[in-house]
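Structure, as structure tokens:
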């Protein structure tokens, strides 16, 4: 740590940072544009000028760019000196000469970093009276809007898109005043992280297109801290709502998880909350077989009757909160509670949980994955199943360049220099997957193998690292060599990371990954393991425990079930259609609770409308075992209510008195009492009684408008504000805003900082943890137990002549259930096709009849040179095979 | 005593003065153009709606009686609905000051009494007039950079034609 003096006050600052970071960490309001905490400094905008003095006797000083000047011990600087103030106001005046007169019709207005900085520098009146340069815009696809006139050429967009996220189709064109940021021609941005341009851009060049279609200003929206429900990473988000509709999703910084960026699935996949396919009333099967809307009382009467007709089984859901699943488990009893994931997934999920519990190598946070200096990915295309992990791994390969930069005495924040240096210095990233992934270009080696061979390679790597781990007999020589090379690279690292997951449906792959991590951990104590799971609360379900879905199907088929209660789960995605229809037909009552109409609600006798993640509070457990609370931002009108409240009301209608919860906190208390392994989840966020200075946290800004007019067309009387009885956030602008637990932050705002860049006011230091600690409680970090290597090594993959091994392929949009239903994301769903090796493509032709999950449909066939012989890939859950997610042998026939 | 007599005398004299009271509604008093009464939404000189739905009037309204929702047509922003609850309005005029496009204006028309409160809730069709109101010449899109129907990029006041990004000259 160094001590620097800012405007006469001493502050402690990290010596490896620059003066701008130090000033912001010290709480000084110093304007800047081009610097970004994760993108470093380029010195493009000249806005952060400060005066630095060479010593106490220096009275003149010199102007330096704070972002380009390293922190030195004893540095003396002034941010309020007249000359630097004048310099900064001149710079912003130059930047504004070409800025259009657009603020009223700009989506960034009111939360614009450029507006904030212009006001902060004191540039009030325009003196420039000449002509402005203009640009034509491009159509950048369904997610991002383009308005190039507003650009101030800070280069943040291309630095994020190309340098940080590895995109190739956005670039800087032309020069001088004409500089242009866009694609070579109009077209959809290809990157899976394009939505971050909206937050990265300091002004309104890139704005959120779906949000713009139902736009309101930042100050007019209610905010609530939430957790992304579109994959298992558990990125923290802020939801914004007005007038009952969810308007947008913003990144909510969590220093250990998502930090500054989200993927497009998380940002644009939430449209299902407002979708027309939402269930808004209970539906009851009428005598003519159709589903008819009914009253809450009638629905509950039937629900109570169904629950009284035993035996009752419950099927939970990996996309419902822990609390909802626990409520169902309590309602039907532990032995009748099924996790609602298919057989293979269930086995892999419990295996993943057990490995993470006992592995000596600890579970990597996303931020630790970014810092890994050697990575091995086994069998999982993380860039599609959990895109944010892919982005983190992309940063990990830079570790070698950081070491090279340290040797060359280049500070890491000098990003362009470090990247130039890093073109030759790359940390190793190895991928062993069945097909090409987005990370291929940055990997040292990409091995394209069938799942069995991936596992064998993994076991061989573990054996090379620790001879005590089981050996793979009859290993091909080429693979032995590859295993040796991978082992050597991992051993050469100090913070190696092993990434795997259940995508290719193979337990040996997970076991091999666990063996490698454990073997490495003997000599590399900072070894980390990262195992992904399928859905946002898969790990929570695994910790809750329950029977597999197959057991439910068997019980139904045997006619041993009178009533089945399905919680927020489309079973047609998990069980072959014919089997499911047959099984459900044997039950007397099928009750489905869901917020979206699905194939399952179509066949249910009674459908109860539940609240989406935007309308209820709950806890999700991410793939790293991090329990995180999400809070409701929207207050749906009855009869839509939280799933656990439906289950409680059903129990009451069935004359049971053991589920008499009134508030979420009571559910959580019962949950913690019943599940010792989950007790810590209580600490994920403060309870509903939490108050600061006697007030709840306000969820609306102090400038929230339209209160007495918004519903005046319905009733001119003021409506009573909604009551939030489950969480510590008020529903109005009344309440506290300031220092608060990070898990409760409903929006980022600080005086003079209306944009999301106000984040630096809420961190311990720039890029560090949020003040008061990053949110989330890790549940899987137990005491170490003796490790035993897994030794179930499979035989080598044997291609069959009569069938193809079809593996599920991940897609950014289209394979995950909820984002699939977002209208804005629809255009981004890639058409489903069977990917096979070129030789197989030759044999099959352009289309083939594929028999998968018990159905036969014609599908398009495309060639992928990376795919090994005998293996094929088809997108998971894609039309026409919504139930396809587990690898299986499939026959093909000529159409 | 003297002052009482003087007061009576002055009051008596008023019998012969001209009356200030007028026979409203047959006679109407003169209201200055800047008088703050009924709020209207005006149109630009080309006849299109001036309001761009920027929400500044709603934000500045001290009684929160303005509510609107943005929508868009070929790049031009409009309010999908624009609602003023006049039973709450205090006619302070801050909305007019905040408006960047001269769309919302207060007019001297004060005759807005109603027997039913709901009738004081004005929607966009009640607020929109066909003229430019007090500011005859201003057209926001003529000075803004957005391309809208009838005005392409580079055609606003003091704008250069769009840059050819494939050109090599600076």
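Placed from the backbone N, Cα and C atoms, the Cβ positions cover glycine too.
Predicted automatically and left uncurated, TrEMBL annotations should be read as such.
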- Query: Looking at TrEMBL, B:89, B:92, B:95 are annotated for [4Fe-4S] cluster 2. Which of B:54, B:61 sits in that same site?
  - Reply: B:61
- Task: Consider the binding-site residues B:51, B:54, B:99 and say which one has the Cα lying nearest the Cα of residue B:61 ([4Fe-4S] cluster 2 binding site).
- Result: B:99
- Task: Pop the Cα-Cα gap between residue B:89 ([4Fe-4S] cluster 2 binding site) and residue B:54 ([4Fe-4S] cluster 1 binding site) into the table, whole Å please.
- Result: 20
- Message: Just to be sure I understand the packing, how many Cβ atoms besides its own are within 10 Å of the Cβ of residue B:92 ([4Fe-4S] cluster 2 binding site)?
- Response: 14
- Query: Sorted by position, what residues of the same chain at least six away from residue B:57 ([4Fe-4S] cluster 1 binding site) have a C-beta under 8 A from it?
  - Reply: B:66, B:94, B:95, B:96, B:98, B:99, B:104
- Note on the structure: Same-chain residues at least 6 beyond the ends of the region 'Disordered' (B:151-170) with CB under 8 Å of its CB atoms are 141-145
- Give me the Cα-Cα distance between residue B:51 ([4Fe-4S] cluster 1 binding site) and residue B:89 ([4Fe-4S] cluster 2 binding site), rounded to a whole Å. 19
- Task: Could you give the residue numbers and ranges of same-chain residues that sit at least 6 residues beyond the domain '4Fe-4S ferredoxin-type' (B:39-71) on either side and whose C-beta is under 8 angstroms from one of its C-beta atoms?
- Result: 77-86, 88-92, 94-107, 122, 124, 127-133, 135-141, 150
- Query: From the centroid of the CB atoms of B:61, B:89, B:92, B:95, the recorded [4Fe-4S] cluster 2 site, which same-chain residues not already listed sit within 8 A by their CB, in sequence order?
  - Reply: B:39, B:57, B:60, B:62, B:63, B:65, B:66, B:90, B:91, B:93, B:94
- Which of B:54, B:57, B:61, B:92, B:95, B:99 (binding-site residues) reach within a Cβ distance of under 8 Å of chain A? B:54, B:61
- Message: Sequence gap of 6 or more, Cβ distance under 8 Å: name the residues on the same chain that satisfy this around residue B:89 ([4Fe-4S] cluster 2 binding site), in order along the sequence.
- Response: B:39, B:63, B:65
- Reported in the order helix, strand, coil, what are the DSSP residue counts of the domain '4Fe-4S ferredoxin-type' (B:39-71)? 5 helix, 11 strand, 17 coil
- Note on the structure: According to DSSP, residue B:95 ([4Fe-4S] cluster 2 binding site) sits in helix
